[in-house]
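Below: the structure, in structure tokens.
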């Protein structure tokens, strides 16, 4: 008995053995429950280890799976309605991923295969040939074979097979994106964990307390300035950008950079706590950001639709699009390196010598549009776009084969794969560690500076103060300050903005901006 309109042979559920139905259902349900239990116990493990940010990232993954489940259900329920939407055949001859010539060649190959099968019929035993001949008498007529749209002289808007392939692509894209995000944060975290011994060595050298008064530091002779300062004028500005571009490929963050940026952060945001564990704070802040990156936001789905719309034969869209994450990643890495150079320039251009250690001044002005969080948005887009490229390649490979016309030519495929691997490696081992430390050089610190208990108490305090509607000057400032702490703005006797580096200047620089 023939199956559905897809041309596949088989019986419908009315004539399918019950044991087959039971076995298939059991496997699907068992696999689903195994995945759910894996995520459940993974969440319990993270909570037990007090990894709240990673636990929240896991919840974000569950949300994405729920969204995919809803998309799957919606596609399944609306499938019959979609394939009954009929359009003139001429509408389907424009903006094709493959040319009509490729379609004709594919149909010709199928016809050739059909004839080969037909002529091999003579080698089948007579009994079998007789049974097959009898079966042909029961085949539907040409009129019966016509589908809903064919009877109207039109074609379906989307075939069942195309809808099924689209369904698979959405799942592959989501899985590859989550996997790439996890791998990026995992390898980036390993790189950042290597900085822990720098943090420990700082505490061992001077017991964690910076020396701000006992010595005089000649700014131009300081190793950090010598490594990062490129001089004055327009030529030095261009040299700074070129140096930043190449610096991201080797030794993007050195111990000297770490020590200087750490001291600048502590003296700006928590001067009363010189033994502050900057490395631990960075890790917590990165874990907080991870839960934002692992999801697929609505605007990313819009990009998917646009990219698929532009996948037109002869345009080689996916080849050109593969350069987008590469260019953005190089731009982000260059900018983050340049922020460090700007911090060095700011000190070197203003002072020739200072009392105590060299202290840089974190400010949002060094970042694009004075917003450090834009960098996180770009990294999110880079990871998603790179995952999209890789997911699309493997989807085409396993669905249509390597020789498919939609796959493209080899000279376009190889560079795409090389770029994808390069972006993933560079982002993991250079850009993400750079992001973790350089984005702490903004005007405000992140809420990860407090542990979870303190965060909860501060937020609770702010909410209670807001509900009580305190109006006095002191009470009003307290309520406003509590809300600011929840938002990550410097406050309090311990975590407060320190005086600017100019406060410990003893010899101003005679050189100014050129």
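Easy rule for this one: first residue shown is 1, then count along the chain.
For all residues, glycine too, the Cβ spot is worked out from N, Cα and C.
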- Item | 253-272, 273-292, 293-312 - the one TrEMBL records as transmembrane segment | 293-312
- Task: Out of 219-240, 351-372, 417-438, let me know the one TrEMBL marks transmembrane segment.
- Result: 417-438
- Message: Below 8 Å between Cβ atoms, which of the listed ranges 19-39, 293-312, 318-336, 374-397, 417-438 makes the most pairs with the transmembrane segment (166-190)?
- Response: 374-397
- Message: Under 8 Å for C-beta pairs, could you tell me which stretch among 19-39, 293-312, 318-336, 374-397 has the largest tally with the transmembrane segment (417-438)?
- Response: 318-336
- What parts of the chain pack near the transmembrane segment (374-397), using Cβ distances under 8 Å and only residues at least 6 beyond its ends? 165, 168-169, 172-173, 175-177, 179-181, 184, 289, 292-293, 296-297, 300, 303-304, 307, 318, 321-322, 324-325, 328-329, 331-332, 335-336, 367-368, 404, 406-407, 413, 416-417, 419-420, 423-424, 427, 431-432, 435, 439
- Message: I need to check the long-range neighbours of the transmembrane segment (19-39): which residues 6 or more away from its ends have a CB within less than 8 Å of a CB in the stretch?
- Response: 13, 58, 61-62
